[in-house]
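Enquirer: Here you go, one structure.
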Amino acid sequence: MAEKVSEDVMLLHGDLDLKIVKARRLPNMDMFSEHLRRLFTACNACARPTDTDDVDPRDKGEFGDKNIRSHRKVITSDPYVTVVVPQATLARTRVLKNSQEPLWDEKFNISIAHPFAYLEFQVKDDDVFGAQIIGTAKIPVRDIASGERISGWFPVLGASGKPPKAETAIFIDMKFTPFDQIHSYRCGIAGDPERRGVRRTYFPVRKGSQVRLYQDAHVMDGTLPAIGLDNGKVYEHGKCWEDICYAISEAHHMIYIVGWSIFHKIKLVRETKVPRDKDMTLGELLKYKSQEGVRVLLLVWDDKTSHDKFGIKTPGVMGTHDEETRKFFKHSSVICVLSPRYASSKLGLFKQQASPSSSIYIMTVVGTLFTHHQKCVLVDTQAVGNNRKVTAFIGGLDLCDGRYDTPEHRILHDLDTVFKDDFHNPTFPAGTKAPRQPWHDLHCRIDGPAAYDVLINFEQRWRKATRWKEFSLRLKGKTHWQDDALIRIGRISWILSPVFKFLKDGTSIIPEDDPCVWVSKEDDPENWHVQIFRSIDSGSVKGFPKYEDEAEAQHLECAKRLVVDKSIQTAYIQTIRSAQHFIYIENQYFLGSSYAWPSYRDAGADNLIPMELALKIVSKIRAKERFAVYVVIPLWPEGDPKSGPVQEILYWQSQTMQMMYDVIAKELKAVQSDAHPLDYLNFYCLGKREQLPDDMPATNGSVVSDSYNFQRFMIYVHAKGMIVDDEYVLMGSANINQRSMAGTKDTEIAMGAYQPNHTWAHKGRHPRGQVYGYRMSLWAEHLGKTGDEFVEPSDLECLKKVNTISEENWKRFIDPKFSELQGHLIKYPLQVDVDGKVSPLPDYETFPDVGGKIIGAHSMALPDTLTT
C-alpha cells in the first residue's frame, strides 16, 4: 500500500526486499590514523609484513587481500551502511575493516510502515570515537512505490551535495511489495495452507505440540463460568503456579529456571484442596529436588544497582532480590548464576557509547538500563511409556513476590493469609496503609518440539553467562567454574530429544521438526502448532553464527558487530498484517512508531506495532469490512504516577494513541464515513473496588492512602499477549515498547501458537477451539459475565456492549461512594473526538487518589532510551 501524505511524502506499507551489494571509491576517513602508524613504524621499515587485521576473510573489500603479502595493510575507512527514513533506522550492514571498495553483499527483508520522501543509504566510517558520515545516497519514494525492481549504482553525496571523491557510489538492488499484494497475509498465520507460521525467524513453527494457556497465577475452581467449545468440549481453566510446582516436584533430571526476578521465599501453592507442597517455599523445593540428584540451574538477571557485600545490603532500584536469592543457594547443590545484561563482547568501550539519544553511553549503561526479561521454567516430565520429555513454561509471570493472584484480584481481603509476607504496592512509600496491588498476567505451558527450542534458548544464554563468570573468576585468581552443568539430554536414552548439532565455532544448528518429540498427531483435533520468538543479541547468547551469510541463513540480523534476533517484533507485524476480524491485546506497555508521533519523533521508539495496527484498521475501512482492536493496559505504569519516569512513559503512550487515532480519523474522512475512530480502536484498563473486611486492623498511627479510604485501586496489567481472530495467540515476556522489541536492549522470549483444526480456514466459520475459550475466559474475568454478545468481537454491537460496561465501570470506580464494578474492565480515562483528537476527560486530568497527569509529561532529565 502506498498513500500520498504530501507533495513529496508517501506512506509505504509492505515489505522491501533489499540487497546492499558494494560501494566504490570511498575516501580514506582514517588518514590521521594512517599518518600516526607510518610515524611509529618508520624506524622498523624492514619488519616482516604481517596481516594485523583480525577480520573474517569474508569481510575484505572487493579486491580481497591480494596485496597483503607484499605490503603492510594501509589504515583506511571502516565502512558500513545504515538505511534510514526520517526518525527511524530500517537496516544496518556489518562493518568492513580497512576498505575503500567494500563488498557487503547483504540481503534484508524490511517491513515498512513509514511516511517518507526519500529512502536514504548513509555510508559511514566506523571509528573508535564514533561513526563519521562519508555520504548519502537517496532514492525517491515514488520510484520505490512503483513496485518495479530498482538496481544499479547510486551516487554517494557528502554534506556539500557533492561526492567526496569522483564516482563515489553504492550499488543497491531492491523491490517493494505492498502488504495487500503479499499472499501469505491473506489467510492469517493460522490459516496459511503451507503452515509455515511466521516467516523469516530463527526458530521455525513446530507441529505435534500441546499448549495450556493460563490467566493469572491461579484460578480457583468455580470462579469463572464454563465456556463451551467445538465438539462438545468445555474450556478448562488452568492453575499456573500449581502446575509449575507439580512439574518441578515430579522432575527426575533437570529443572532450569530463567527470570528477571526469582525469589526463593515465595510459595507457589496457596489456595488448593491438595495439601502437597503447600507450605514449602520455592527455594526449599528447589534445594530438596537438587538433593534428590536433579540438576537445578537458575539464571537470574543481575541488577547492577543491588549489592550484598561486607554486610552492607542494597536492595537495588528494581527490588528483584537477586543478591538475596544467590546467597540463599550459595552453599547448596542448586547452581544460581546472576547474569548481567552485558553488551556484545565484540563491542569495544567506545562502540558501546553510540546511542540514538545520548553520547554519554558508557559500557555500564547496557547492564544498568537494560535487563534480562525472559521468564522460563524447563523441566523433564513424563512422556509415552517410561520415557521423559522436556516441558516449558513461558509468559509474563516471574517466580517472585507480588505475582500471585487470582481472577478476583483482591485488594483488601486475605492480606494476613493468602498474601501474608507478599504485600506488594510500589505506588506508595513503605509503611503507608494502602490496598495491595493486584496482578493480572498471562502464561502458558508448552509440550512438544517447541519446548526444545526454549531449551536451546536457555543453553545458549547459560553458556554465555558462565563464560562471563569464568572470566570474572580468572581475574580473581580462581581457576574453576562449573561451566559443564548443562544436562546432555541427547546422551540419556530415555529422554526424548531431537538431534542437537553445533559447528566447530560453537554455532548452534536449529534441529528440524522431529516427530520423535511430537506429543500429538496432526489429525488430532486438539493438536497445536507452536513457534518460539525472541528479542536477543549476540551479547547474551553463545551459539549465534559469526559470519553474515550464516546469520542471514538463520534469519538473524547483523548490525555493525552485533548479531540480533528480533523475531518477536517480526511475529507481531506478520500476525497483525494477517488478521482478518479482530485483535485483542493485553500488555504492560503500549508505545511505538515514534517516527509518526505528533511530537518528539526522534525518541527512538520506532517499533512498527502501533502503526501496523492503525494501518490494519485503515485497510479494513477501505475494504468496507468490520474490524476491531481492543487494547488493555494498566491505568499507569508500576510506581508513583507522579514520578518522572512514569510520567514520561505515559507521555509516550499518549503520543502513540494520538498517532493511531490521527491515522484512523484521516481515513474515515477520506472515504466520507460517519463512523467514529472509537468504532475501531479502544483502550481499556482494569480496576477493583472492594469493601474493607470486618476484621481489618485499625489504622492507628499509620499514613492512610486515599486509595485505602475509597477502597479502590487499579489492577496492574503485566500481561504480554495478543489474540487474533480467536485462532492465534502470541504471548511471552515482551512488552510493546522499544526496549522489548529492539533485540539489542531487554532480552525477551515469546511463543505464537494455533490449533490447525480450529481456524477460520479449516472451519469455514468462527472457530471455537482453545484460543477462543481463552479469550472468552479473559473477557469473563474482565467483564464479569459471558454470553453470546461477546462471541464476535469484530461486530460493532459487541464493541459497543464492551464500551458500555467499561464506561459505567469508570463512573463506579471514581464515585466517592462505594459501588462495586461489573467485572474489572474500565475505559481508559482519555476522550477521543471524531477528528481523532485525544485529550483528558473533563475534571479528570490526573489519576484519582494518587495524582499524576493521565496524559503524561516529557522529562528532559531522563534518557529516552530508558523510558521507551
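FYI, residue positions are counted from 1 along the chain as it appears here.
Cβ from N, Cα, C; glycine included.
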Enquirer: What does Swiss-Prot list, out of His409, His413, His758, His762, as binding the same Ca(2+) as Asp216, His440, Glu781?
Expert: His409
Enquirer: Suppose a student reads Swiss-Prot and sees His373, Gln588 listed for 1,2-diacyl-sn-glycero-3-phosphate. Which of His252, His253, His264, His718 should they find annotated at that same site?
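Expert: Only hit among His252, His253, His264, His718 in Swiss-Prot's 1,2-diacyl-sn-glycero-3-phosphate site, alongside His373, Gln588: His718.
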Enquirer: Relative to the Cβ position of His440 (Ca(2+) binding site), how many further Cβ atoms are located within 10 Å?
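Expert: The answer is 26 other Cβ atoms.
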Enquirer: Helix, strand or coil at Asp380 (active site), per DSSP?
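Expert: For Asp380 (active site) - judged by DSSP and reduced to three states - the answer is strand.
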Enquirer: Checking distant contacts: for the domain 'PLD phosphodiesterase 2' (713-740), what same-chain residues at least six beyond its ends satisfy Cβ-Cβ under 8 A?
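Expert: Here the qualifying positions are 188-191, 213, 260, 370, 373-375, 394-397, 403, 409, 411, 425, 434-444, 533, 535, 568, 571-572, 575-576, 578-592, 594, 604-607, 609-610, 632-636, 638, 652, 685-688, 707, 746, 748-755, 758-760, 766-769, 771-772, 774-775, 793, 824, 865, 868.
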Enquirer: When the Cα-Cα distance from His409 (Ca(2+) binding site) is computed for each of the active-site residues Lys375, Asp380, Asp725, which gives the smallest value?
Expert: Lys375
Enquirer: Indicate whether His440 (Ca(2+) binding site) is helix, strand or coil by DSSP.
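Expert: Once the DSSP labels are grouped into three classes, His440 (Ca(2+) binding site) ends up as strand.
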Enquirer: What whole-number Å value do you get for the CA-CA distance of Asp216 (Ca(2+) binding site) and His718 (active site)?
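Expert: Between the Cα atoms of Asp216 (Ca(2+) binding site) and His718 (active site), the distance comes to 10 Å.
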Enquirer: Within 10 Å of the Cβ of Lys375 (active site), how many other Cβ atoms can you find? Include all protein chains, please.
Expert: 27
Enquirer: For the recorded Ca(2+) site formed by Asp216, His409, His440, Glu781, which further same-chain residues have Cβ atoms within 8 Å of the site's Cβ center?
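Expert: These residues sit around the Ca(2+) site: Gln215, Asp405, Thr406, Pro407, Glu408, Pro438, Trp439, Asp441, Leu686, Ile715, His782, His824.
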Enquirer: May I ask for the distance between Glu781 (Ca(2+) binding site) and Lys375 (active site), taken between their Cα atoms and rounded to an integer number of Å?
Expert: 24
